[in-house]
């Protein structure tokens, strides 16, 4: 049924521009101010104490919003003015300091609440570590228990480590969902795997559960955009709604200082931006998240946070182009 | 009555020097190799996901040991050769990835096991965040339920925030112990408070429970060493055993880059070293811990970790001088 | 007559605590909300393009305020609760992007406005580079043209370089005021000079104009607090109002990464804090500023900004103790 | 009619190699030593206090020269020995500490002097922030008032913010020139725009004045080199001389730590190098500048400064290949 | 005849996994534990005091091994499990603190010993600076004096500076080998040269001795993989064994913070990885080294060390694919 | 007899001020320009490949000189104008790239040349690592073979490791001199030892050879200045000339980021400055060096290099006060 555990973020919408907004921080409005259903609802899941290694990804929602003022609302490449699209910020899910399960439960219930009460809005969760994805997907399933959910995952890792061993940690979300019968393995497509970053037993699990693995090399060979299109088309023929999860560690380590798990040989930012534009364009994508970006490790100029905001705006631009 | 959850640390005692050890990494030996009761038992409590703000203090036990090879076993100032004193390393308490309460329970039980089985050894716990102190003291109480425990705390903060609100987080250990009837407030002495870092309601709690607060300024005015002596003498006249907890945030921010909660106006390293020498000298001190040092924030040359090892060696030197 | 060019700072007073505030960001209130005259008025002068070398001191007012949430309103050493004292934030003087003279003029006029309209309030300006001091003192002189102004300067430098050569740059403020007949050289006392950081011709200028120079070594030898007391007493016997300017480069380079002009051999933070407490205590001090702190150069944990806030709170504590 | 305000840079040409120079610092010679007209004249415009945000781009000319000793005078790819081409360094335009307009005026007059007295030399200005471009182009117009000037701009931004609001700041140079009737909007081609970094009103201004905007994506799609060729050909058919301005923020943020305004999604260094080689090849390019590189933000190994020198050498190689 | 000067590295093979290893640190085994000839022997040459500029490349062997635990033994792209291939670690050659010639001699003799005693194993040396390559090749020549050795060099520099001037420093190895009649210039192929990083006299030397220089631009134009194939085929038709030396400064400066000599315009990591896979595939490659990576300059997340391990694993994967 | 191997440093004395110099870079003049014997001769010994661990101390002489422009020639505390004292810079001893013994020999011979040809000048060597001290003292002995040399050493370490094991590395200079019969152990006084940084066997060696060890704690207890005076007086009663060697690792790690071997618990900068002033005052001190400062590890603002220059100027001020 869902319940809302959302704090109003420390953010100043109280200085609206006189006319049409031209920067992102004036364009996005708080959900509680919304008169009608927004096109997209944003909410933060600021938890990273569920991360296997030390992570400050809990700080990302705040830094994500703080970076908005560096971005204009106009995309010149696509000749699109974002202000025609309404984005509402629901704030951050209230986390408990030490009770990880309770925090996870609240992410699930808040997601359920939002998708139930705003059925026509796209939802976008800003993590937090990757454990939050399992919570969000369970929340959607709670609200739409009759629907089948598919997952498109951009990630260097499979994230199918065993929750029996680790609890609901950030290496486990896809396995939580499969073992918990929320999502079928065959409805999961992972794009971005490469190198030597997934141990053999995890690949065995993925194969056993028919997770589709498209390595970055394979995706580049067949065209990254075409791979995205094909994957979304395939999923949309089999499921009712598609959840996209973007683990920022899919990015190459040289462009993502703020993602401790990023590796050499990963995606370029241009590739990520093109993928998100394409994903935004696809009508069956209902939900998206961006996770595992730790601003406390970012470069002084907040290079990775800026990349994260850019990627999100590409998704929004895609949404507009779709219509 | 206590159970041991200890992993053998990644450390190489397998390369002993041919003769008498001259560096710390050859002097300290694993507990399982000990033939007789060691003078001091060291163990790690590598948890910091219980920290209110993001912390990598869980990494300290490993970095603490890694830094040993930079330290000789001879103290020229006191003309003391440490090798006459036996130190055994019991390893780290095994932590769970996401179950904080379980991890805390294991710290408590492992401490109980050690103090019960090695009643004549001084125990020294390397944290982890300050939540581990509550676990360790509860473990000691579990083993010696008839004894009264006093606490000498070197800290910039009171650490009496409310566990009802935060759970057993790193701002709460002293309050956990007082509210849980493990330790009386009047048996707690805090040295090192200063500035504007403890909110009024916390000071009200401390006053209500008769925690003795000696500000750093007061301690300096009356002599820091004399303050330590007086405090330990006073405690030892009232309690059966004294637990010393050193929150490394007592250090000034300019000498402790690896302690995120350190502040301007704190202790100098020389002051800390003199305090630890004096504390080591006192016969009624049975237990000590060093907490809240986050090596991932430390300077490149590991300045704070080196300070932590130095402080610990001063305590050991004090132990030897005492006899 | 003064004119107010103040922008409302990006700051959220809209989340007051339910009861008595316990942290600084809930205690300080915007000037426009004040019903009666506040005890102290704070305002920012965010300019540093007037600095000889590249400086981001213009960023200090914002970071100064952002750091408030790390400070409680209670000083344990002096047993003082700050909330009894009212502090109002007037915001930042509106700067022009390229017209330095205009920006300086606005600092002058805004200062004149504030001291005229709030004659009983202490004013506290947060710079900005040291050029702002000349503007502020001129503004006070504009409002109180019949009064004599004395200056107590904590600084490693004399700041008497020639404005004829440099314009009103940050190395010139004291000379601007002396040459401009706003302040007499004999009414300026500089404490904190040391080392090899003032060229001979500048010392000749200071001697010629009877600026009193107390080196840090001299001050330490006779007692730093006693030096402050003596200086303020001497000034107060000769002038009508005292303006205190704290160039943060008086601090030692090892504790002030955020002050590019700081040097080895400077003041410790403890010394600065004691000075400010003493200065706050003195009834004839009406105006104070803190300048030349560049947050963009500060350490990751904002060590120098925290030191700046601490120093300011010591001044406030002194104000309270004075009464 | 132009006046020279140039200081001799702190640079040592006094250690010439015995034979043919093999490194850049021995190859470039001071202008005052030149017996005949050099092929290219280099001069610095070390100002960045005209920058909207804090910038140390004023430090670039010095660091640019300091980095020369890491570069040989031979380009293996093109099999070109640079020493056949004479480059003279005229030093830096003398800046005033606080009078921005005066400093700008001197850049203009010095440029006028150089282009008038060395009509056959290519001029290359090293900024400084982007405000210097407006000065340089005005200087050229002063010298050649009958000629039409076209601008090829490599930049992530349009730089057409309103000087009425900001004064002659670094966001305004192109608008200064258009509004000042120095250059026509239709004679400006901007290559490198992308993402969400130009607010709608600025794009409206550009469209209104017929500035040609080629986004980076468009340029890549049609071939970056071809885009450069086409743009230069088109301009050269309409104007008398072409001024190329390279705002280093056209580079991707991951390769340009020393350019605070760089963004994700920008040019790679290889792309920039290829562009500059092509630009150098074009006979109608008479003037070039490189601006907005702030060495104080650069990586420890001076990655961005090295990229800047490399790009400049590519331009020189192009000049040689052209002949 | 060769002599072995190898220290056992500080590394823990004493914690083998129970079953099949899934991470690199459990897969690689010490040479002294090997029962049969391993497929590949790894050894470190930890010297960099022979470097012209200050270098900590001597630290690379240790950091290389420390990074193993971040890498799984499975390559998803090629569907290859590395554990089928045996890798033995012979440890590090024992270096003398100040006698560079002695240290070099020991590298030579240890290499001779290994190639003589394990004629069927591929050898892989981890430097150290590039001076070590000359030692290793001389050691191989010592063991196989009748065989002709060819060198494939991935490098931004020719490394043919004159040892008569510098001694056996890191800029001289290829010239040492040519002038010492160990290798013929025509049997050396250098891929990766670009920009302005090789002075004319060095290029003249290379041309005179018929070193084949393929610039990175040329290699990209004809296909990097095809260039590698062609080069190895050509070499294998002329020589008996091929030594591959990978100077990590072939990488672009933006992806190689840990390689002080890297430059803008170098190889991407993807390119390097593809090259190494191809090189590994070639049956005539018997020896390889990776040099000039200085971990003390690396980013906090050890980006360059991780890239180095990845590149080496690509070579191993190639070895497996070859069979 | 000595021989001079000195390169002219890259430094610009060619821009003398019109009148009396007011900054250090205009006051110090090259030795070859000196008409008469200077009061003090400065020379650099830029070698650190003789260091046990990786060190860039070879870069110190250049950075030491580069920092001069931040220092005025006037000491306000002592009211001393340095320009009355003549300082000549002889440049740097020419180092060989790989032949450490040859480089050491040249330091020795150059020192011999200088002390022989300028018998009335104080010599000041800027290292380089601590191995250079042994060379310099041997050079002095070569020139004055009949004289007895005493050493005052400010150092955290004894530097008596065995050259038979390490060669003439930076841990061995004092032992080289004692074992080589250049200096007697009883003529060596070490001030600054503390903590756990000298292994027992080294202390045994020092005791056996009657090196006088004054720990920092002992020196502070009896007064640091008094300890210096007493030590110099004692030495001067027994030897003909005193060589002072300042290993910058005597400084506390928190104030010396540029000295990798510095430790917690070391000297403050104020203490070092007072010591150097006192040492400068003593007439029997003929030679001094400053070693082991690695500018490549220093903070961005060159804190440690500035401390090094300050300390040297204190020595010069002492020289002037002495007369």
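Glycine too: its Cβ is placed from the backbone N, Cα and C atoms.
Counting every protein chain shown, the Cβ of residue D:249 (Mn(2+) binding site) has 26 other Cβ atoms within 10 Å. The Mn(2+) binding site annotation in TrEMBL covers D:130, D:155, D:157, D:159, D:247, D:249.
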Three-class DSSP secondary structure - residue D:247 (Mn(2+) binding site):
strand
Determine the Cβ neighbour count for residue D:130 (Mn(2+) binding site): the number of other Cβ atoms within 10 Å of its Cβ.
31
Starting from the Cβ of residue D:247 (Mn(2+) binding site), draw a 10 Å sphere and report how many other Cβ atoms land inside it.
28
How many neighbouring Cβ atoms, not counting its own, are there within 10 Å of the Cβ of residue D:155 (Mn(2+) binding site)?
24
Highest Cβ count within 10 Å among the binding-site residues D:157, D:159: which residue is it?
D:159
What other residues of the same chain, not counting D:130, D:155, D:157, D:159, D:247, D:249, have a CB atom within 8 A of the CB centroid of the Mn(2+) site?
D:153, D:156, D:158, D:170, D:245, D:250, D:261, D:291, D:292
